[in-house]
Structure formats: C-alpha cells, structure tokens
Amino acid sequence: MAKFIFVTGGVVSGLGKGITSASLGMLMKARGFKTTNIKIDPYLNYDAGTMNPYQHGEVFVLDDGGEVDLDLGNYERFLDTSLTFDHNITTGKIYSAVIEKERRGDYLGATVQVIPHITNEIKERIREIARDYDVVVVEIGGTVGDIESMPFLEAARQMQLEEGRDNVAFVHVTYVPKLRVVGEQKTKPTQHSVKELRSLGIQPDAIVARSEDPLEESARRKISLFTNVPPEAVISAYDVEDTYEVPLMLEKEGLARYITKRLGLPEREPELDAWREMVERYKSLTDTVEIAIVGKYVKLSDSYLSIKEALKHSGVANGVKVKIRWVEAEDVEKHGVKLLEGVDGIIVPGGFGARGTEGKMMAIRYARENDIPFLGICFGFQLTVVEFARNVLGLKGAHSTEIDPQTPYPVVDLMPEQRGLDKLGGTMRLGAYPVKIKPNTLARELYGRELIYERHRHRWEVNPEFIERFEKAGLVFSGVAGDDERRMEILELPEKRYFIATQFHPEFKSRPMNPAPVFRGLVKAAKEKKFGD
C-alpha cells in the first residue's frame, strides 16, 4: 500500500515548493523506496502547452508528449526518472473528465458537485498512479487560501481520512521574512498560513521554513508552539547557491527521516554519496566559460530552465562553471552582434513567432563565420537552415513558412500532417521519437550509437525538396527521423570547431549525473576554445 506525502505552500508563491517536493522525493528514493512525484496545477488550462513562458516559465515535454509544468522537469532531474502526462493533474483535466462522465450518464442523474464528484476524480487519479509505488509525493500548486486550490486541498484532507493517518502526511512550505528594521525573523505569516490550512481540516506534520538565512532557534520554537508541530519537524530551508544542495540540506535537517518515521516506514540510511560528490564538484569549480543564450524570453530565465540545468550538468562533467550571457534577440537586431563578443559558445533555443527571428539568425551567422561553438535547438535548428540558405546558398528571401508564408524559398515548411488542424493545444509533433544517426559524424561521436530517442515539440520541418542543395554546399544532416528518413533531425558543419543543431529538445532529458550529449559537447568545445585543447 502506497504512502502519500502532500506538499502545500503558504504566505507567498515562488518559495520553492517544487524543489522541496523534488528533494523529498529524491530522499525517499535514496532510501530504497519506489517513489514518484505528482504535480497538481489548479489552473483551468488542460495542460501547459499554450501558456506564455513569461507567465509560467518553460513548457516541459515528457516522453509521452505531455506538455507540463516546469516542476515536472525538476522531478525528473532530481529522481532521475521519466514521468507521464498523468503525473500532472490540472483543474482543466479534472473538470473535463467529470463533465464527460456526466454527459455519458455515469452519475445516473445525480446533481454533479465539487464534493463528491470533483474531489473523487482527483483522488482517483492520484491513487491510479500510486498503484505502482511505495511513496507518492503530491505537490499542490498555488498558496493556501487561493480559491482555485480548494478542491485539491479538500481531496487531500479526504485521502487522509480514507487511507488512514499512518499513510498520509502533510508538509507545509512557508516563508519566514527577516525585517531589516528589527533584525529578527518574523513567524507571524507562518502562523497565519498554518491557521488557514487547519481551518480546511489539515494539520501539517512538518513545516519547511524558507528564509534567507538559517532559521533561528527562537523562531523554530515559536513556529512549533503556534502550529502544533514538533520542533524537530520545523525544517530550516535557507537560501543556497545551487538548488542541487537542497536535498542535502533537508537531509541534514532531518525532514525525510521524520516523515519516514511518521508514516511507519522502515528507517534506512539514504544513498547520497554520488549526489554529494556532484554537488561538491560543482562548488569547487573555478574555471569559467561563458555561453550566450539568444532568445525571445530571456527576461524570465525560467523560460529556458532545462537549458540552464543542462549547461550546469555539462559544466560539472567538463570541470568548468558555465556563466550564461542572456541576450534578447531583438537587441541583436538593434545593436548588432557586438552583444556576443567574447563569448565562448552560443545557443539559439526554441520558440515561436516572428519576434527576434532576424536577431537569432544574426547570432547564428556570427557563430558560423567566427567558428564559435554553437548549438541550435528546435526553432534554432530551423533558423540555422534559413541562415545557411540565405548566406551560403544565396537564396535571397529564404525563410520558414511559419514566419513568411509567401517566401520564394520555403526551406522550412509545415509538416504535412499538421495542415488543416484547427486547434493549437496538444496537436504538435510531441514527445519522444526515434532519431537515426549517421556514422562518421559529430552526432554519432557524441551519442555513441545509431538510434536515440529524443523529445520533440514542433509543427515545422526542413523542406525535403532543398536537402540535396544544402548537402552539396557542405551542410551535413547527420540525424534523420527513425520513422521517416525524409525528416531531418540533426545538422552539423564538420569543418567547424563545434557547430550542431537539433530539431528535438535535448535539454529535457539531461540529468545531473548524465548530461545531454550535445550540451556536454558544446561546453567541452567552449572550454577548449578558451583554455586550449
């Protein structure tokens, strides 16, 4: 029988519930329990696929094609696992399912209500996933008191009643500010947040107190007294340099040990040696390389969270810290490529729409002509093709039909199966697809095998009618779709130091102990450029 750990948040959003949940899941897995994480997003969207990155950060793509909240990326990285679309529960999904059942007549004429029909649907989905696991960590998005979260908190309360207190625990993540005027940590916001939670019938078993500095003992005792939580279950979670330190901090504070005991699970020492070594290696790095990310959402770096993490993983693997230079693509259009001077590598990531397109291609040309290590991803792959068509093949006005439907040279075109679709949500080429890599190429050297599976999120592709012209001019398409060899997946320029682009998103499968090969190669090339071979 599975044990459930619900993680809730209070006071303010953006405290790091996702990292706390990922860390707790990782610590339970490190103890030998078969563990998974679920994210509940209380918005009415069915999934994250059509959301603006400036509002919610990147859209993370799963193997099964699910477009989900970026927290699931943290879960996958921390637990070194692959999740499914079912691991992301949204209000949109729940209400859609309940309305569909009502239309089908499943409720036999009953008045359909939030309680019990919505809450039952929520519990059913959580239990369905739990069947294969010992421990399930469920993060409830939003902040206690939000009207959107109410049905999910009620479902969690009911689950403790139905499963038994020994099988359900609650961890509440809250904020302890330190006012400069008085110079002490204030616990009142936490007290009120827990009071709100208790008014909903939920008594937290542990409190993770987020603060800038370690929690003062007086604050710990005060929180314990006013929230009815033992002092040892009031966990200090202060700011650290890197998120990968958080599991080690929470382990030192005893969170997983306390929850293990609270749920009646056997006490075990966690296997954390490899993780600890990875964190220590990262903290000890002194040499630095600078990689420019030229994008259209750079004002919110979480729009490219998985790319940031993949660079971090690759930095540790190559013995260098990676400093990111965030470059707004439109600024390149206004001020020129001088914004890229001095960088050791350039990434042009995915994105949609015309804004910043010319700036991205200016960055691609700058990398190509100055032999700067380069990686293009998804739309960056397509724009690399457009830039090459214009400036090497001399095809004036070449473009993607996404940006210019009337282009005389549609070197990037809508995939045939995408034509005629009238819905945006969930209709792209999504999820893991096979990619066949040609021998004697950089891609084969990086991946070390012929067949790989990588995650995709696109509607446009390289127009097969132009492939021969590109190849004659020296552009190598080193990877093709395993299910359709006319669909290009990887390109490279062999005469360059490191110049590669992928139609897929390699960042989504990068892990702290196993960096994505094309990122690892990019950082290696950047290091060699700066420090010599």
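Yeah, the Cβs are placed from backbone N, Cα and C, and that goes for glycine too.
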Per Swiss-Prot, which one of K39, K93, K101, K222 shares the CTP site with S13, D146, I147, E148, K186, T187, K188, P189, T190, Q191?
K222
Y54, G351, F379, G380, F381, Q382, E402 show up in Swiss-Prot as binding L-glutamine; which entry in R281, R455, R459, R469 does that record put in the same site?
R459
Taking D69, D71, D80 as the options, which does Swiss-Prot list with G14, L15, G16, K17, G18, I19 at the ATP site?
D71
Looking at the binding-site residues S13, Y54, I147, T190, which has the shortest Cα distance to C378 (active site, nucleophile)?
Y54
If you count other C-beta atoms within 10 angstroms, which of the recorded positions K186, K188, K222, R459, H505 is the most crowded?
H505
Would you identify the secondary structure of C378 (active site, nucleophile) according to DSSP, in three states?
coil
Local backbone state of S13 (UTP binding site), from DSSP in three classes
coil
Near F379 (L-glutamine binding site), which residues of its chain come within a Cβ-Cβ distance under 8 Å, counting only those 6 or more away in sequence?
V348, P349, G350, G351, F352, K360, H458
